[in-house]
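Pasting a structure here, questions to come.
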């Protein structure tokens with residue numbers, strides 16, 4: 001039999017749980033409710049047209065740019081939220097994120113965003129945030145390389161500062177174990193499925209030899225290559241990345257089969273022990289992630305659909321709306 005006090009305590013607990021749920025729901029609505037797919041329709045009707053042309057032109061001139069813009073967007077959102085902080089240059093009051101270890105000599109696409117922003121400032125001055133430009137640019141880049149289209153809600157504002165130390169600690173590293181990478185995703189409100197899905201971005205783009213060279217020559221200090229690496233791929237990579245320091249900046253495709261096409265071949269490579277980065281091939285070391293890899297390797301549409309879903313989650317991280325932040329006139333500097 002329940003006592004009267006036990007019944008009262010149960011009701012209080014349910015009430016508090018309900019109130020907490022309402023608070024969290026309304027708080028999230030307060031942020032996301034200010035984002036709108038038609039946010040700029042009346043204030044900058046040519047926005048999507050300008051962005052689309054800018055990305056098409058950039059990829060036409062440099063096919064690597066599609067992957068670079070997606071990576072730039074990811075590196076922005078993963079450090080204190082999607083706020084355009086990765087675009088800021090160093091100032092006398094803060095050190096930017098461009099020279100953080102994950103970005104130094106590898107982050108690209110700043111000039112593309114600058115050019116789009118300049119055209120938008122002519123069409124609709126002080127209206128479109130650099131953060132929204134970057135989110136749209138990443139979407140267009142993937143769509144133009146045969147990826148699936150996803151809708152981007154708009155209305156983000158730009159940060160007033162950047163954080164190099166956060167970029168050094170919060171961004172996943174290709175040398176980290178899978179559990180560390182997963183923990184970083186979870187800290188951003190993502191999950192292990194998002195880890196596998198968003199890793200599929202490595203179906204396009206290139207990596208510097210320094211990010212995987214130890215797999216070729218001295219894995220785990222053994223003086224031998226990574227035993228999980230396919231032998232034919234090992235031979236090809238040793239040609240691109242000879243065991244000498246001046247090869248560290250040489251580039252190898254993350255997916256050597258369909259280099260410039262956004263497809264599911266990345267997962268097929270993992271199934272064949274042909275993932276380039278340690279963090280890529282590590283997805284095959286865990287039963288749950290390996291099962292997802294297998295699924296995506298067999299179903300290209302499923303991968304594309306779930307990549308789009310994960311990207312929609314990613315672009316909601318830590319957004320600034322309302323009166324927070326600003327609309328930069330120049331993506332590299334905070335307004336005066």
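Each Cβ is built from the backbone N, Cα and C atoms, and glycine gets one as well.
TrEMBL feature annotations, pasted as is:
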ACT_SITE  75  active site, proton acceptor
BINDING   76, 79, 81, 83, 85, 97  Ca(2+) 1 binding site
BINDING   172  substrate binding site
BINDING   202  heme b binding site
BINDING   203, 255, 258, 263  Ca(2+) 2 binding site
DISULFID  44-124  disulfide bond
DISULFID  77-82  disulfide bond
DISULFID  130-331  disulfide bond
DISULFID  209-241  disulfide bond
DOMAIN    34-335  domain 'Plant heme peroxidase family profile'
SITE      71  site 'Transition state stabilizer'
Using an 8 Å cut-off from the Cβ centroid of 76, 79, 81, 83, 85, 97, can you name the remaining same-chain residues around the Ca(2+) 1 site, in sequence order?
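Close Cβ neighbours, site residues excluded: 75, 77, 78, 80, 82, 84, 86, 159, 162, 163, 166, 167, 318.
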Please list residues from the chain of residue 77 (disulfide bond) whose Cβ is under 8 angstroms from its Cβ, counting only those at least six apart in sequence.
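Looking at Cβ-Cβ distances below 8 Å from residue 77 (disulfide bond), excluding near sequence neighbours, one finds 188, 314, 315, 317, 318.
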Can you grab the distance from residue 79 (Ca(2+) 1 binding site) over to residue 258 (Ca(2+) 2 binding site)? Cα atoms, rounded to a whole Å.
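Just about 30 Å between their Cα atoms.
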Tell me, in order along the sequence, which recorded positions from 75, 172, 255 have their CA within 10 Å of residue 81 (Ca(2+) 1 binding site).
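Among 75, 172, 255, the ones whose Cα sits within 10 Å of that of residue 81 (Ca(2+) 1 binding site) are 75.
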Do you know offhand how many angstrom separate residue 255 (Ca(2+) 2 binding site) and residue 97 (Ca(2+) 1 binding site) by C-alpha?
27
Among the binding-site residues 255, 263, which residue has the largest number of other Cβ atoms within 10 Å of its own Cβ?
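Result of the Cβ crowding comparison: 255.
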Which chain-mates of residue 82 (disulfide bond) that are at least 6 residues away have a CB under 8 A from its CB, listed by sequence?
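In sequence order, 73, 76, 131, 134, 135, 156, 314, 315, 316, 317, 318, 319 meet the Cβ cut-off.
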If you count Cβ atoms within 10 Å of the Cβ of residue 76 (Ca(2+) 1 binding site), leaving out that atom itself, what do you get?
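If we count other Cβ atoms within 10 Å of residue 76 (Ca(2+) 1 binding site), we arrive at 29.
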Can you tell me how many other Cβ atoms are located within 10 Å of the Cβ belonging to residue 79 (Ca(2+) 1 binding site)?
29
In the same chain, which residues outside the set 203, 255, 258, 263 have their CB within 8 A of the centroid of the CB atoms that define the Ca(2+) 2 site?
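Going along the sequence, the neighbours come out as 204, 257, 259, 261, 262, 264, 265, 266.
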Cα within 10 Å of residue 130 (disulfide bond): which of the recorded positions 75, 85, 97, 172, 203 qualify?
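Within 10 Å Cα-Cα: 85.
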If you count other Cβ atoms within 10 Å of each one's Cβ, which of the disulfide-bonded residues 44, 331 has the most?
331
Closest of the recorded positions to residue 71 (site 'Transition state stabilizer'), Cα to Cα, picking from 83, 85, 124, 172, 258?
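With Cα distances computed to residue 71 (site 'Transition state stabilizer'), the winner among 83, 85, 124, 172, 258 is 172.
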